[in-house]
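> Dropping the structure in here first, questions after.
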Amino acid sequence: MLNLLLLALPVLASRAYAAPAPGQALQRVGIVGGQEAPRSKWPWQVSLRVRDRYWMHFCGGSLIHPQWVLTAAHCVGPDVKDLAALRVQLREQHLYYQDQLLPVSRIIVHPQFYTAQIGADIALLELEEPVNVSSHVHTVTLPPASETFPPGMPCWVTGWGDVDNDERLPPPFPLKQVKVPIMENHICDAKYHLGAYTGDDVRIVRDDMLCAGNTRRDSCQGDSGGPLVCKVNGTWLQAGVVSWGEGCAQPNRPGIYTRVTYYLDWIHHYVPKKP
């Protein structure tokens, strides 16, 4: 089944910058059809940086506890990256302009992760020190296990990724936001089978995944690992983690996210429920 799925999805792409490892061609990178985020919004958004000629943004993430960041496994695994070459930047309006990079003490990749398309595309980063929570920087709320995020619910995805297929976010690199509707998994799966070489009995969109977006609005390369959030009864809940898709805002190819409720037990094995 694994080989069948990998062979059947040759053009899907995960949404992270930098050369992907074998089988990781599907990661996501940017916001298509969105606009610059207001400075007062999305205080849990973080940027993951890797040391190159400078500390380069390569993925997003979310602050779920003063000392823990939630991101996509394909950003930091399956082989754990060198901690010395990894940093976290908390919420900033423009990349690189007021960096205060934080070191990471531990990377935990879900043990079942192999590629984003197979699932379990989720990872945790433990910061060396807890951050000071403020109105500008604070945690996002994880959903209760019972939350389903029904089809059509308007949600938001944020990041500093590409603004279109193969079109990088230009300076001054503002944080972007876009509203996307939730889509039922079985409808999303049917859409991904259109024009694909997979049989209808092969599940492309799995139970631990969540679909959102349309042909005008989507996440894209560079947004990988970032949060998909939905407002439920006045509280922003993180429904998903940007994972993969085919192109960005393409017909019949919604964005695919790791479903956070599916992994709550795993998350709370490491992350305290209360700071």
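Placement of Cβ uses the backbone N, Cα and C atoms for every residue, glycine included.
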> Looking only at CYS59, CYS155, which is named in Swiss-Prot as the disulfide mate of CYS75?
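Recorded disulfide partner of CYS75 in Swiss-Prot: CYS59.
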> Can you look up which of CYS211, CYS220 is joined to CYS188 by a disulfide in Swiss-Prot?
CYS211
> Pick from CYS75, CYS155: which of these disulfide-bonded residues has the biggest number of other Cβ atoms within 10 Å of its Cβ?
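Counting every other Cβ within 10 Å of each candidate, the maximum falls on CYS75.
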> How many Å separate the Cα atoms of CYS230 (disulfide bond) and CYS211 (disulfide bond)?
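Rounded to a whole number, the Cα-Cα distance is 13 Å.
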> Where among the disulfide-bonded residues CYS188, CYS211, CYS230, CYS248 do you find the Cβ with the fewest other Cβ atoms within 10 Å?
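Candidates: the disulfide-bonded residues CYS188, CYS211, CYS230, CYS248. Fewest Cβ atoms within 10 Å: CYS230.
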